[in-house]
Amino acid sequence: MQQRVIVGMSGGVDSSVSAALLLQQGYQVEGLFMKNWEEDDGTEYCTAMEDLADAQAVADKIGIKLHTANFAMEYWDRVFEHFLAEYAAGRTPNPDILCNKEIKFRAFLDHAMTLGADFIATGHYARRAETAYNSKGEAYAPLLRGLDNNKDQTYFLHAVHGREINKTLFPVGEIEKPEVRRIAEELDLATAKKKDSTGICFIGERRFNDFLKQYLPAQPGKIVLDNGKEVGEHHGLMYYTLGQRGGIGLGGMKGASEGAWFVLHKDVTNNRLVVGQGHDHPLMQSTQLWSESIDWVAGEQNIPAEGLRCTAKTRYRQPDQACTVFIDENSEHGVRVEFDEPQRAVTPGQSVVFYSDEVCLGGGVIHHTNAPTPNFI
């Protein structure tokens with residue numbers, strides 16, 4: 001009997017080719033287009049209808065049914081409110097990670113099961129290993145890096161539990177992006193030449209500062225140098241991220257050298273933005289970070305007393321960094337990560353993700369680091 005797969009079809013080339021490949025592999029395939037954001041009608045940002053039309057065109061071309069589902073309420077409650085709270089607290093969140101955990105691999109998976117699916121599939125560049133069992137006897141599938149190292153998306157998938165991965169297929173995870181484009185062109189799919197989306201998960205390509213302003217009041221404050229000297233005003237700490245180059249508004253400052261300006265520190269208590277010159281400024285350097293809660297793909301924490309040797313990324317596409325992970329005795333579920341080499345601009349609110357060779361072990365949100373605090377704070 002054919003196994004039934006529901007493919008999350010976004011209107012992009014990766015999910016389009018995923019559906020086509022699964023058909024070729026003999027699965028009974030249907031698509032599902034998720035609407036996860038209520039667009040402001042008539043705005044320039046309204047891409048959801050275009051994406052739905054593209055997904056429908058592909059479904060028609062390859063001869064499969066396309067379902068639609070609206071998860072906008074779930075997205076608002078489980079992802080967007082957290083996103084706003086993090087920005088309000090002066091941190092820089094990554095909503096795509098929470099969106100994958102709560103929407104694409106929970107709300108979508110649950111909905112697909114009501115449609116009689118054996119598996120869901122997505123267009124992510126990741127792979128899964130054969131079903132394994134943790135020490136509690138729970139079945140899960142280990143998460144593996146995508147074959148195309150340049151496109152690997154396990155950084156964004158680390159918070160998805162292995163039991164959900166066990167119900168998921170990643171058809172394009174086994175091939176490289178140029179091959180995906182080639183397959184789409186060969187099959188004459190409407191999405192073959194469509195550019196990859198880069199906006200916030202489900203919110204699209206809108207101007208970020210304008211978008212954030214609609215939900216959080218801007219709180220302007222002082223810009224200060226690393227010695228505490230006031231040199232200007234910022235528009236609100238939420239618009240800046242640690243290590244950011246430029247966009248600070250200090251070009252041509254009298255008496256300053258020609259070098260670029262970088263965001264070194266966000267003094268949330270006093271609403272001050274600390275800036276300085278030098279790509280590797282000491283205030284941006286850290287060797288340790290703390291995370292208060294870790295999502296382990298296997299559903300359990302296996303950190304020996306002497307620490308877990310592995311590699312980690314603190315941002316997407318960063319080369320793997322050697323580290324040791326320790327249980328944080330001061331936190332119920334947290335860890336302390338000690339890097340072999342100093343790290344630049346590790347950003348609270350972003351995620352640290354752990355790897356053992358090809359296997360993505362899991363990760364968590366960065367709470368704080370041991371980067372030095374400016375001496376005037």
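Keep in mind that glycine also has a Cβ here, set from the backbone N, Cα and C atoms.
Residues annotated as active site, nucleophile in Swiss-Prot: CYS99. DSSP assigns CYS99 (active site, nucleophile) to a helical segment in the three-state reduction. Every protein chain shown contributes to the tally, and the Cβ of CYS99 (active site, nucleophile) ends up with 25 other Cβ atoms within 10 Å.
Residues or ranges marked as active site, cysteine persulfide intermediate in Swiss-Prot: CYS201.
The Cβ of GLY12 (ATP binding site) has 20 other Cβ atoms within 10 Å, all protein chains considered. Under the heading ATP binding site, Swiss-Prot lists GLY8, MET9, SER10, GLY11, GLY12, VAL13, ASP14, SER15, MET34, GLY123.
According to Swiss-Prot, the feature disulfide bond maps to CYS99-CYS201.
Cβ neighbour count for HIS124 (site 'Interaction with tRNA') (all protein chains, 10 Å cutoff from its Cβ): 26. The site 'Interaction with tRNA' annotation in Swiss-Prot covers HIS124 (among others) and is backed by sequence analysis.
Taken from Swiss-Prot, the feature site 'Interaction with tRNA' covers GLN350 (among others), and the record attributes it to sequence analysis. GLN350 (site 'Interaction with tRNA') falls within a strand when secondary structure is assigned with DSSP. For GLN350 (site 'Interaction with tRNA'), applying a Cβ distance below 8 Å and a minimum sequence separation of six or more within one chain yields THR92, PRO93, ASN94, THR314, ARG315, VAL365, ILE366.
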*Can you tell me how far the Cα of MET34 (ATP binding site) sits from the Cα of CYS99 (active site, nucleophile), in Å?*
12
*For SER10 (ATP binding site), what is the secondary structure by DSSP, using just helix, strand and coil?*
coil
_I need the CA-to-CA distance for GLY8 (ATP binding site) versus HIS124 (site 'Interaction with tRNA'), whole Å please._
10
*Work through the binding-site residues one by one (SER10, ASP14, MET34) and point out the residue whose CB has the fewest other CB atoms within 10 angstroms.*
SER10
_Shortest C-alpha distance to HIS124 (site 'Interaction with tRNA') - which of the recorded positions SER10, GLY12, ASP14, CYS99_ = ASP14
